[in-house]
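> There's a structure below that I have some questions on.
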Amino acid sequence: AAAAAGRGRSFSPAAPAPSSVRLPGRQAPAPAAASALAVEADPAADRVSSLSQVSGVLGSQWGDEGKGKLVDVLAPRFDIVARCQGGANAGHTIYNSEGKKFALHLVPSGILHEGTLCVVGNGAVIHVPGFFGEIDGLQSNGVSCDGRILVSDRAHLLFDLHQTVDGLREAELANSFIGTTKRGIGPCYSSKVTRNGLRVCDLRHMDTFGDKLDVLFEDAAARFEGFKYSKGMLKEEVERYKRFAERLEPFIADTVHVLNESIRQKKKILVEGGQATMLDIDFGTYPFVTSSSPSAGGICTGLGIAPRVIGDLIGVVKAYTTRVGSGPFPTELLGEEGDVLRKAGMEFGTTTGRPRRCGWLDIVALKYCCDINGFSSLNLTKLDVLSGLPEIKLGVSYNQMDGEKLQSFPGDLDTLEQVQVNYEVLPGWDSDISSVRSYSELPQAARRYVERIEELAGVPVHYIGVGPGRDALIYK
């Protein structure tokens with residue numbers, strides 16, 4: 001086998017439902033059978049219709065895997081699409097039937113489908129101006145949002161001051177940048193944990209809103225010398241949020257009740273995860289992580305639904321690996337090789353525009369994510385980006401510096417930074433596969449690559465992305 005790029009070694013592969021209750025702010029949804037008519041001729045109908053009543057789409061790398069596209073494709077089969085965590089730091093790029101591009105951050109990707117209700121759960125953090133900006137952008141492009149989005153009354157509010165604090169905190173860390181999006185996500189979750197945050201339901205009590213917001217301002221001013229605060233700023237912000245409160249009111253709902261009633265009524269719910277497991281506050285490469293739980297556990301805590309109701313979970317994984325910002329990346333390709341993947345895959349962040357670091361698919365990290373989440377299947381995305389490479393590598397195991405093989409993905413950052421990756425080398429393929437829609441029509445080398453990933457991860461690949469459009473998807 002050819003020598004591995006970068007560090008490492010290579011070797012060749014050897015309960016009964018109650019009476020119907022209308023969802024708040026939405027016309028009574030058409031039964032699932034009705035929506036099935038539109039996709040009856042779709043060869044993927046059986047694969048999609050077999051998904052559980054409550055299913056989820058979660059990232060299984062460091063984000064940017066292409067979750068939004070799969071959610072967009074699956075959404076017509078579901079009554080509700082729900083976000084359970086994160087905020088505007090999560091970027092989802094989707095395309096409508098005319099090929100128009102939409103870059104969403106907080107609004108769930110199901111918004112392009114008129115029969116789908118979108119829910120932003122209690123585990124998310126809401127920057128109200130940004131939320132309205134997304135809605136205005138959608139509506140200006142002909143996408144109706146009226147009565148189609150519900151925001152949890154328990155979700156926390158993310159203020160501009162959180163974004164200011166985010167930048168000040170990052171500057172304080174000097175050479176130890178976590179690489180945040182500076183969208184205020186971490187400071188907002190910090191306010192939540194220290195119990196001085198404000199929630200969406202506080203917008204219904206403007207008589208006490210100012211006093212609560214004052215505590216946040218004072219706290220930031222006491223903590224950061226660079227944070228300038230005056231009572232005039234507070235007054236302006238309160239007046240601003242009075243206007244926001246009036247506009248947001250039709251969107252506010254007790255989403256815990258809505259979702260659980262919907263489950264009892266046998267409605268289908270698709271959970272759209274933001275970020276990914278390798279950025280999870282508990283399971284990710286801490287401290288280079290996000291501030292919430294983008295893994296399976298975050299579904300329950302971020303929506304208020306029980307673990308027993310969750311069925312199929314689909315892990316989304318790129319055919320290679322990318323990462324934005326700092327943090328360990330064992331299979332990273334530096335220099336020209338990384339540039340080739342970056343340019344071919346147009347690897348620049350949806351939210352930040354930052355160039356993504358690129359490398360080979362890390363099977364050790366993928367298996368770790370599969371263990372944590374219990375994925376029933378995988379969606380392998382951007383397989384087309386690998387076309388034209390003479391050979392493709394899979395990082396199948398890690399060795400420590402002393403040569404001893406690691407038995408699991410290490411939690412210790414120092415250990416992870418020093419691992420030596422063992423690679424399998426597989427043959428590449430020359431042909432452009434972006435127009436292929438049947439698994440059997442893929443080049444033999446591409447099929448072997450997919451099947452080797454299945455073997456190593458122990459989870460079947462049911463969906464294969466071969467381009468950005470919603471139709472550029474192979475069902476296996």
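Any Cβ shown, glycine's included, is placed from N, Cα and C.
Quick paste from Swiss-Prot:
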type	residues	note
COMPBIAS	1-20	compositional bias 'Low complexity'
REGION	1-34	region 'Disordered'
BINDING	63-69, 91-93, Arg356, 382-384, 465-467	GTP binding site
BINDING	Asp64, Glu65, Gly66, Lys67, Asn89, Ala90, Gly91, His92, Thr181, Arg195, Gln275, Thr290, Arg354	IMP binding site
BINDING	Asp64, Gly91	Mg(2+) binding site
ACT_SITE	Asp64	active site, proton acceptor
ACT_SITE	His92	active site, proton donor
BINDING	Thr350, Thr351, Thr352, Gly353, Arg354, Pro355, Arg356	substrate binding site
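Help me picture where these features are in the structure shown.
Under DSSP, Gly66 (GTP binding site) is assigned to coil, being neither helix nor strand in the three-state scheme.
Packing around Gly66 (GTP binding site) is summarised by its Cβ count: 22 other Cβ atoms lie within 10 angstroms of its Cβ, all protein chains included.
Other C-beta atoms found within 10 angstroms of the C-beta of His92 (active site, proton donor) number 24, with every protein chain shown included.
Reduced to three states, the DSSP call for Arg354 (IMP binding site) is coil. Of all the Cβ atoms in the protein chains shown, 13 others lie within 10 Å of the Cβ of Arg354 (IMP binding site).
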> Looking at the binding-site residues Gly66, Gly353, Arg356, whose Cα is closest in space to that of Gln275 (IMP binding site)?
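So, spelling it out, the nearest of the binding-site residues is Gly66.
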> By CA-CA distance, flag whichever of Asn89, His92, Gly353, Arg354 among the recorded positions is nearest to Leu383 (GTP binding site).
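For Leu383 (GTP binding site), the closest Cα among Asn89, His92, Gly353, Arg354 is found at His92.
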> Given the binding-site residues Gly63, Gly66, Pro355, Arg356, state which is nearest to Asn89 (IMP binding site) when distance is taken between Cα atoms.
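Given the candidates Gly63, Gly66, Pro355, Arg356, the nearest one is Gly63.
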> How many other Cβ atoms are found within 10 Å of the Cβ atom of Asn89 (IMP binding site), counting all protein chains shown?
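There are 28 of them.
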> Let me know the DSSP-derived helix, strand or coil state of His92 (active site, proton donor), please.
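In the DSSP reduction, His92 (active site, proton donor) maps to strand.
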> Compute the C-alpha separation of Arg354 (IMP binding site) from Thr93 (GTP binding site), stating it in Å without decimals.
15
> For Lys69 (GTP binding site) and Gly91 (IMP binding site), what Cα-Cα distance in Å is obtained after rounding to a whole number?
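Counting only the Cα atoms, the answer is 11 Å.
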